[in-house]
Amino acid sequence: TQKMAELLGLGDECREGASGASALAGSCLADNRLNLDVYPDGCRRFLQLFKGRRGEVVQVEFLRLSSNDHLLGTTLGILPHLKHLKSLVLKGGHARDEFGSCQHGSLTNLPTNIGNLRCLTHLDLSFNNLSTLPSCILHLPSLRVLLVSHNSLVALPEDFGSLSKLTFFSAMKNQLKNLPQSIGELAVLQDLYLSENALEFLPEEVGNLHNCTELDLSGNRLLSIPDSLANLKSLRRLHLHSNLLVTVPASLASLPNLSRLDLQNNCLRAVPPEIQTLPFVHLRGNPLGETEPSPQADESSARGLRRLFLASGEDSFSVTSEGCKVVLACGIHFYFPPGAAPDPLRIYFRTLAPDPQWVKLRHHDVLLSRVLELQPHGVKFQQEVQIRMPYASPQTLHQREVVVRTFSGQSWSDLRTRVEQKRKSKKHVAHCSVLHFSWFLVVSRLVQNECKVPTEGTLLFSSVDPNVKVTFPPGVTEETRSVKLQVLPVSAEEMEEITADAGCRASPLLCLSQDSLMDFLRPVRIQLPLPPGVTGLNLDRSRLHLLHGDPEGQTWDDITSQVVLEFTHLYAVFEVTHFSWYWLWYTTKTYIGGIAKKVYERLRMYQVNFIALQRKKDPEQVLLQCVPKHKVDPVLKKLQDRYRGPEPSDMVEMFEGEQFFAAFERGISIDMDRPDCVDGRLSFIFYSHLKNMKEIYVTSPVDRKGQAVKGQVSFYRGAIPESVPEDASRRRKGPDSLWLATLPIKLPRLKPRWGENPGPLNGFSFPPLNLGNAETGYLTQANLLSIARRMGADWQTIGLNLGLTYQQIERIGYNNREDLDKQILDMLFSWAQQNSEDPDCVSKLITAMKESGRQDIADEVETIIELGQQKYRESIRRVGLEQESSTEDSAIAMM
């Protein structure tokens, strides 16, 4: 084991002890399974292992590698030597971009001699860049499971039907436009997943898939489906939602085993009565077929527009020339008027966390929403598409306005926006209209007044403070130019707090800009109100200073001596020929520029506190949040029932969009492979109106069974210094200080998760547990234990496909780090307990097994369910309760 670990580059870790080495080897090579996709350099480890232990590696039956690995090309040439290989996984998606989205792997083809792997039954090439299906796949005689999801396939080979043993095929999220007729030759195919493609029609031969139990065609461009689908007598679930269907054959109602028919979000204007009366049909989102009508839906139907309601897992929908209304799970609404899209169009969407390197906020802007991306980019609609985006309620709308901002690919611009607050929900919504799709977000900005300046001249004044005026005389320009004006009022109280000088006053800050680089031909006259408490009667001109600031507010110059200042009882008036920022100050100070810069920066900053709380039921789950000072008490009150922890940190100041880090110290660590982890520290971006919160699992790298660990979490501005003393507990002094705050974290002594009494397997004991119900079938605790014994090293992949987070998987592995059986039981029963009330939990378990490449376990579960259903029907007949007309499947637990 030690030699093998050294070949994998893990020698130091494996020398810690025999049990540690066994666990490590078990995670790498156990039961002829080699799982290297969890390592960023997995291909290098494979090449080293093949070179040093070739005789053992060629016996491997199950191999997993990441196609994000730069050594993948070299590794592919070795794979044909693994003659005993039964399962091969070459998936991408192990790396993420700056928005947290999975990056596709580099795989574009396979070596032709891969077709010589005669034992290969399972092949997963998902999340890659395949544009055509590698020809060698058609020469794999034993292939039963094939996954090519999340690629760029535009077609399947004409002889695709030659894969005669194929039982499971998934090509979801590709670009398939049609299917070959030979697909009907897949006589033993049971599961066919083709969602999120561009299919416009299906060949009649699809009706020859007599063993197919699940068919997913959702998210395509189908206008109709062939009558031959009525020949699929084994079909249980048919997914046709989010297409362009205008009709469905009534013969679908005659399918004897059908238990789910999803026709949501289509263009169905008439549904056959045989279909409409089925208890398991879903028709919501069709013009004439909604099962749960609402006033909005009735209004849409009356106008002839279909209304689509998308679930949280969906990321696209179809639009036709007839138009539609679309409601996303996150609350965003779209209105496509008739004729906006002349041809059928697939719209893709996603919401992204804002990245400050990309989302550039202007001074005094406040971000109120996440970023919405709509694709395809650049497509021009024939009519404006309306978008309604909910946003976080700003503290005050006084002196500010809410706008939707869009990114053209080169720069951001603000759209004409209308806002409203819903009466019932009190939610705030921003409305805008666009002809192109790109990126969108909602911001609060200083109120902006603008006008066109013609040759004849004009007058522009502020709607926030009408005393601020700009007069453009005749002949000020040869060509019409656009001018914008913004005003930032500064109260006397703010000035006194920041400057500690009760006699210091300032007028509103005036920000002027124009769309021309040319100076004005004649002086422009600007009127500013005198600072608060100052009038023309008590004015001391020696204390009055006119400051000129650059557009970034970095420098402020006193230009009092460079202009002619005129005064009235309430105003100061001066003339300029170019635009910038202007600020009128009244003070006894002499060096005004430095003070003005300090005041301006403080006006842009927020006072915040940091909190670090631990779940009462699971102290290893830690919640970190940066909260504006005025929100701290409400946030803590909301969390106090589930969390406990120290008092919030002392108050610090942060800019909107500023980055900060959280570092766990003194014996506490986190998962370093998180996308938001930079050099062992969690990265945050502070936005005053968004949740600056993360909840993570922490561990201790040392054995703490005998004692608790008293650690801490420290927050830093920007990059953390190379050397930070662990006992830092007070704010550092000096302008270059990066340390912000430190809060204590305590991890208690480890305790067994399943009790101390010996149970049915490895010392675990479980409460009575049954999964499912009478409609979906039951799985007993004994069934779950049988399933657990067969998972082996695949338990992590199965757990992720069941919906557990990567952090939960890591915590389970660490808590049971010396026992693979305990890891499996902990994962499976944790999920089972959390989902025991979900009626679809059994089908989710089956799907997770298939997605994890464990068709054998999926078959076992389905066999258990079917046998239970059969026993239940026999028991019903024995007591004479079965109705002659009943076709509903029931199930009972197999004892």
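Every residue gets a Cβ built from N, Cα and C, even glycine.
Here the structure is a predicted model, which means the values were calculated and not measured.
The active site feature in TrEMBL is assigned to His436 (among others). Summarising the environment of His436 (active site), the number of other Cβ atoms within 10 Å of its Cβ, over all protein chains shown, is 14.
Positions annotated as active site by TrEMBL: Ser438 (among others). Residues near Ser438 (active site) in space but far in sequence (CB under 8 A, at least 6 apart, same chain), listed by position: Glu373, Leu374, His377, Thr406, Phe407, Ser408, Gly409.
What TrEMBL records for His578 (among others) is active site. Here His578 (active site) comes close to Asp519, Phe520: these same-chain residues lie at least six apart in sequence, with C-beta atoms under 8 angstroms from its C-beta.
The Cβ of Ser580 (active site) has 15 neighbouring Cβ atoms from other residues within 10 Å, across all protein chains displayed. Positions annotated as active site by TrEMBL: Ser580 (among others).
Annotated domain 'ZU5' per TrEMBL: 313-446 (among others), in sequence order. Confidence annotation: the domain 'ZU5' (313-446) carries a mean pLDDT of 86 in the model.
Feature annotation from TrEMBL assigns domain 'ZU5' to 447-588 (among others).
Under the heading domain 'Death', TrEMBL lists 780-865.
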Integer Cα-Cα distance in angstrom, His436 (active site) to Ser580 (active site): 32
For the domain 'ZU5' (313-446), residues assigned helix / strand / coil by DSSP: 0 helix, 64 strand, 70 coil
Count the residues of the domain 'ZU5' (447-588) that DSSP assigns to helix (H, G, I), to strand (E, B) and to coil, and report the three numbers in that order. 14 helix, 59 strand, 69 coil
Residue distribution over DSSP helix, strand and coil in the domain 'Death' (780-865): 69 helix, 0 strand, 17 coil
